[in-house]
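Visitor: The structure's right below; bear with me while I get my questions together.
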């Protein structure tokens with residue numbers, strides 16, 4: 001299932017594409033990841049304080065419904081603008097557009113599943129996780145079979161995007177089995193941000209909108225630079241999630257202090273350490 | 001373990017085969033998947049209502065026994081018709097027929113295990129899951145070593161069938177460790193339907209019975225179309241399972257209402273949300 | 001990490017070897033697998049009958065100690081006879097002998113761990129599972145890097161042996177995390193028997209002691225036959241384990257009946273079904 | 001994502017490098033592994049004796065804080081000396097230095113996470129495991145894309161280092177989900193020691209400081225020797241961990257006897273066996 005026939009002297013071509021087609025889904029993913037991450041952190045902190053949790057349940061439920069609606073809206077917007085603006089003409093471009101349409105379709109299924117899960121009773125809650133995992137794994141499958149006949153660097157850029165989507169799919173799948181684990185949720189969030197920023201990176205490398213530096217897409221050595229960029233993106237995503245966690249924790253504590261709830265000390269003492277570990 | 005030597009200029013040949021040989025096991029798999037899926041959903045819904053469960057246990061037990069008998073019958077029918085109708089002559093065709101016979105053998109072992117599990121006491125219940133997982137993984141192994149010397153597209157069609165069987169095998173294996181998880185059961189069902197419809201697809205692509213469109217099996221670019229078809233099949237399987245779930249839920253509720261059992265409201269309220277999540 | 005350079009026109013050679021060097025460890029593995037399997041089944045059945053378990057504990061403990069001693073003895077015998085009888089001369093043969101010596105070393109570590117685990121208190125019980133998993137995974141690593149410059153079929157024979165050892169290593173690793181799961185134990189037993197019989201098969205294909213049929217080791221198509229043989233071996237291993245399970249269950253029941261213990265009915269009734277499933 | 005184009009007749013070059021650049025991080029890893037391993041074993045033994053655990057908690061907490069500080073210090077020292085002493089000049093050397101800098105960065109993130117986890121309250125404890133897993137997996141990713149255009153043996157040496165880091169990353173990831181499992185902790189420790197000693201081995205093979213034996217880096221057959229060395233390293237790491245476990249257990253028992261705590265017998269009796277197994 002390897003489409004990059006470098007060794008057989010086949011012809012390669014530069015795929016006509018556009019920067020916006022990568023930046024738009026990239027922005028969607030970054031937005032969604034921060035949204036989901038914030039809700040997850042809020043839930044985690046509130047659950048630690050039982051009385052607050054009962055109070056915040058209504059808001060979390062509404063957030064989940066809104067989440068599904070926004071996601072479906074995004075997918076519709078992305079899929080329709082893809083049909084209108086995507087460069088067409090050759091049969092190859094038509095196939096590539098279909099590839100993207102399928103990815104949007106599976107995110108659409110995720111959106112519908114989220115809405116159903118938030119409204120219908122007796123709906124197994126982990127089905128949204130299954131739909132999420134499916135969306136990522138189908139995207140990986142598409143990415144892996146998407147780059148037939150392209151230049152070395154183009155193939156490599158999409159292969160490591162597939163690495164990110166595969167990891168996100170795997171973590172989502174684990175969340176079907178292990179529920180409400182904050183570490184898995186944080187990891188998933190960082191992997192989705194990584195996908196989003198990496199889509200921006202692909203847009204900049206292949207179709208630089210500023211018309212600046214032009215990469216030599218046939219040079220194998222450039223892959224070693226791309227490796228570095230990918231790790232920087234991941235470190236960046238990791239730090240964003242960390243800052244988000246810190247800000248939300250601080251906001252909740254500040255709000256609780258104003259409302260007069262019993263306060264948890266910030267610095268760890270030895271007795272509490274054990275509890276948090278057992279959780 | 002890669003048998004498709006595209007790069008070494010080896011000879012390729014078109015395997016003589018027939019449409020029926022793919023359509024028959026495909027239909028078997030679709031039928032079995034819907035059957036298992038329906039029983040699983042019924043069990044899941046009934047377990048939520050304790051009193052109904054005790055009442056329906058006898059039926060579920062009988063369904064499991066019947067399941068094993070039907071499966072064994074199917075396997076015998078498939079294996080025997082393979083021996084009678086399969087095109088023979090060359091040594092290669094003989095090897096390929098043996099490959100299919102082995103796959104039928106492992107499904108046969110599954111059938112026997114199911115019958116034993118339903119009749120004999122002190123039989124570990126998860127052995128049927130092990131036999132199921134084995135059947136899928138052995139099929140993957142065969143598929144992967146099945147396409148020596150064939151055309152690019154023929155290889156690709158069988159490789160992504162192997163992807164579906166491997167995923168189904170993996171999910172079945174997980175079910176040995178994590179029992180009665182409805183999400184895993186739904187996922188397995190959708191992967192088995194995917195296998196079934198994909199077998200039909202392979203039949204149509206390689207041995208079109210209507211004599212219509214003829215694919216160029218040597219063109220690498222066709223693999224990108226096949227990728228799209230595979231995802232459509234999966235989306236289709238996913239929706240079939242969803243509709244099946246909805247229909248069965250509605251039927252059970254309708255029947256319970258008639259029998260006067262205490263009724264569960266359809267739309268989710270916030271208090272119930274938490275419970276279903278913890279389950 | 002692929003050592004079979006078929007495409008680059010490198011030279012290949014037939015490795016001088018002997019039938020005994022494959023048959024001996026094969027027999028050891030088959031013996032050990034049946035031994036471990038029988039102990040596991042005995043433990044499983046006895047645990048279901050609490051009073052019998054307390055009675056049989058002493059015997060199971062002694063079996064574990066004996067197990068370690070026998071395993072260490074086997075390893076010493078195998079390793080020493082390897083040093084004495086292995087064909088030497090070239091540097092390559094020396095390297096290949098070292099490869100086998102390492103495999104014996106890791107099985108030796110397993111034997112020592114078993115003895116320590118059975119004698120020393122406060123020894124984590126799952127360390128024997130770790131040593132077992134290590135032995136299989138190191139063997140996989142060796143097998144994978146063992147066949148440089150050999151003929152196609154020779155490479156394939158060792159690669160699918162590596163598949164069996166890898167699967168056995170994976171299942172053993174899972175047993176570190178999920179303890180006393182009879183299905184995993186049965187699966188591991190069948191995979192070890194598969195290894196043992198496959199070693200016999202390798203011996204027969206490469207160094208046929210009867211001087212009979214000679215395989216053409218350079219023909220890719222033979223790999224499709226070998227695939228069939230491998231599946232037959234697995235089906236055979238599966239059935240052996242099944243028969244072993246049936247015989248031991250019957251023996252225990254017969255012994256208990258004679259000793260006058262309360263008897264469990266053989267055929268399943270609907271009330272009991274649920275319990276065994278929850279276990 | 002395979003950078004070793006042996007088949008396409010591309011040019012290869014010997015990378016200028018130094019022995020110290022491999023020995024320094026190797027020593028760091030060996031030190032850290034032994035440190036973490038000793039703390040883990042201490043925790044495991046103390047937990048078995050409840051009264052001792054409460055007494056030792058303060059010390060374990062301090063060890064964790066110190067751990068983070070030392071790790072961060074090591075990373076800073078390594079990264080700075082890399083910037084100063086690394087051979088530069090060509091663009092390739094600059095890329096390779098960046099690769100190493102990224103690895104240090106992720107270990108630095110681990111250090112900071114450890115300090116935060118030991119000081120700040122309401123910090124999810126398993127985040128340090130996530131950072132550890134990330135550090136290893138990012139290192140694997142870098143290693144895998146690090147050896148473009150190098151000699152066969154150089155590539156192989158780094159690929160099996162990547163195997164060790166990947167395994168360590170996987171085990172660390174499992175520790176997010178399964179907490180306080182001594183077997184996983186011992187396994188992780190042995191894999192980190194393996195990495196450390198293997199870095200020394202790479203240094204000796206590629207840039208022998210004693211100016212002794214010079215390896216022919218282009219000979220495929222040398223990979224079979226390297227395979228043997230790698231297994232010896234692993235067996236060595238395994239034994240080191242075993243000796244460490246024995247020494248610490250003996251020291252704790254000796255100390256407890258002097259302090260007059262209730263003593264656990266060394267040799268296993270049959271009644272105790274069952275308990276340790278269930279744990």
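From the backbone N, Cα and C atoms, a Cβ is placed for every residue, glycine too.
Please treat TrEMBL annotations as automatic predictions, because they have not gone through curation.
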Visitor: Which range is it, out of C:189-207, C:208-226, that shows up in TrEMBL as transmembrane segment?
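Guide: So the range that TrEMBL calls transmembrane segment is C:189-207.
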Visitor: Can you check which of C:127-144, C:253-270 TrEMBL lists as transmembrane segment?
Guide: C:127-144
Visitor: For the transmembrane segment (C:227-252) and the transmembrane segment (C:98-120), decide whether they are in contact, meaning at least 3 CB pairs lie under 8 A, counting pairs 6 or more apart in sequence.
Guide: no
Visitor: Counting only pairs at least 6 apart in sequence, do the transmembrane segment (C:189-207) and the transmembrane segment (C:127-144) share 3+ Cβ pairs under 8 Å?
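Guide: Result for the transmembrane segment (C:189-207) with the transmembrane segment (C:127-144) is no.
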Visitor: Apart from its near flanks, which chain residues at least 6 from the ends of the transmembrane segment (C:65-86) lie with a Cβ under 8 angstroms of it?
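Guide: Those are 18, 20-21, 24-25, 28, 32, 35-36, 39, 93, 97, 100-101, 104-105, 107-108, 110-115, 117-119, in sequence order.
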